[in-house]
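Just below is one structure, and these are the notes that go with it.
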């Protein structure tokens with residue numbers, strides 16, 4: 001089962017073959033995040049009101065014992081969709097664990113993954129359509145019933161699943177979770193959805209504005225679409241948003257000094273990376289089962305992260321590099337491990353700072369055997385002696401550049417969060433400049449293309465701190481079409497990486513640390 005286009009409705013003409021805190025259960029589309037339209041009176045279906053949240057039955061039994069009349073793939077997808085919205089779970093963590101526990105493999109696991117990720121990615125559009133067919137606000141629908149409706153609607157709108165199968169299995173889920181009285185409601189909603197083609201639903205509900213329309217068709221909140229448009233422009237916006245709904249290739253990093261990318265590609269059957277000398281691409285598969293990964297010779301790491309770590313080590317400093325390097329926001333440790341591997345080759349030592357104790361422990365595991373010392377402290381007040389030659393600030397950010405990896409993230413994030421992050425980002429960059437020696441370099445990076453988190457922070461630093469900006473493109477000449485400023489902005493649809501940003505700054509030689 002697959003979508004015809006990234007985030008796009010399936011066509012009924014295709015041959016049938018036999019996916020925050022609490023999620024706001026209202027259509028997260030259009031301006032302000034909701035749709036107000038209602039269906040004609042004869043299409044309304046009344047949902048039983050809930051006076052308090054009714055949760056999926058808790059049990060120590062497996063899904064087979066709860067969903068007796070539902071296939072395991074759909075049962076697993078429902079379970080994760082429910083928990084993501086009600087418990088704040090993360091699909092990329094919850095689903096693999098559930099698949100292992102229930103013993104789903106290959107075809108069933110792939111189907112469960114598509115249903116889960118697809119439903120969560122397109123949830124804003126699905127909610128708008130459900131709202132068209134119901135006389136109740138989505139907030140008044142039992143959360144379990146709503147999760148079943150979302151799962152059924154996704155199959156009707158985005159897959160080649162037969163309509164009767166999508167409706168019937170979703171109604172059975174409603175029954176299995178103890179909502180017998182809501183079976184008729186669920187059946188009516190889904191049958192109403194199925195009577196209109198996906199193309200007609202899109203035509204009916206797509207907003208009029210250009211950005212609003214592109215956002216809705218690609219199942220993104222409008223504010224994210226506007227953020228991206230400021231960087232790539234309207235002409236490229238559709239491609240940028242569509243890439244968030246494509247399954248990314250697995251990127252491996254070959255640990256320098258342990259194994260080469262060429263050797264890793266031969267062992268795994270993968271393809272050497274285009275931009276990082278350590279990268280290997282895999283089309284699919286479980287990287288945890290690969291021998292070099294199990295043996296610690298390689299790891300999973302987006303090629304964009306590899307480029308940033310390598311740039312820190314390659315950037316020119318003034319004067320002699322004394323081998324004091326710092327990763328100021330190091331959790332969970334991927335970049336610190338690559339920097340540590342390169343430091344071992346160069347005879348340097350790395351300090352890795354992380355404010356979260358849990359993430360600090362993860363770093364320790366990642367850098368085991370490398371010349372890296374982990375400090376569980378705040379990057380704004382490290383207590384470390386200034387004078388570092390190189391400092392990386394991989395700042396906490398909105399994560400808008402990694403939406404393809406976290407299907408529910410686009411609907412959880414709020415634009416209002418960015419202002420608070422901006423203050424922290426500026427403080428961390430100022431701390432890095434204080435810790436680096438005169439003539440030393442600071443690399444500032446984010447996994448977000450939002451200008452408020454990228455150029456906004458860098459430009460403020462250039463205006464207020466004793467630093468100059470180096471041309472990052474000269475350090476990664478093979479990375480083309482990566483922005484017109486001295487900084488680099490990567491994109492999934494251009495480079496196959498997450499939408500990562502980085503800038504290279506050098507502290508004025510006359511400044512004392």
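Here the Cβ of each residue, glycine as well, is placed from N, Cα and C on the backbone.
TrEMBL entries are annotated by machine, without manual review.
Look at TrEMBL and you will find 1-62 tagged as region 'Disordered'.
Annotation source TrEMBL lists compositional bias 'Basic residues' at 47-57.
The annotation domain 'SAM-dependent MTase RsmB/NOP-type' is assigned in TrEMBL to 226-508.
Sequence annotations record features per position, and here TrEMBL assigns S-adenosyl-L-methionine binding site to 329, 330, 331, 332, 333, 334, 335, 354, 378, 394. The Cβ of residue 331 (S-adenosyl-L-methionine binding site) lies under 8 Å from the Cβ of 354, 356, 359, 360, 362, 363, each of these being in the same chain and 6 or more residues away along the sequence. According to DSSP, residue 331 (S-adenosyl-L-methionine binding site) sits in a coil region rather than a helix or strand.
The number of other Cβ atoms within 10 Å of the Cβ belonging to residue 447 (active site, nucleophile), over all protein chains shown, comes to 26. Residues or ranges marked as active site, nucleophile in TrEMBL: 447.
Within 10 Å of the C-beta atom of residue 378 (S-adenosyl-L-methionine binding site) sit 15 other C-beta atoms, taking all shown protein chains into account. Between the alpha carbons (Cα) of residue 329 (S-adenosyl-L-methionine binding site) and residue 447 (active site, nucleophile) lies a span of roughly 13 Å. Taking a C-beta cut-off of under 8 Å and a sequence gap of six or more, residue 335 (S-adenosyl-L-methionine binding site) has these contacts in its own chain: 305, 308, 309, 327, 392, 394. In this structure, residue 378 (S-adenosyl-L-methionine binding site) belongs to neither helix nor strand by DSSP; it is coil. Taken together, the residues of the domain 'SAM-dependent MTase RsmB/NOP-type' (226-508) have an average pLDDT of 97. Just so you know, the Cβ of residue 333 (S-adenosyl-L-methionine binding site) picks up 25 other Cβ atoms within 10 Å once every protein chain is counted.
Whole-number maximum of the Cα to Cα distances across the S-adenosyl-L-methionine-binding residues 329, 330, 331, 332, 333, 334, 335, 354, 378, 394: 19 angstrom.
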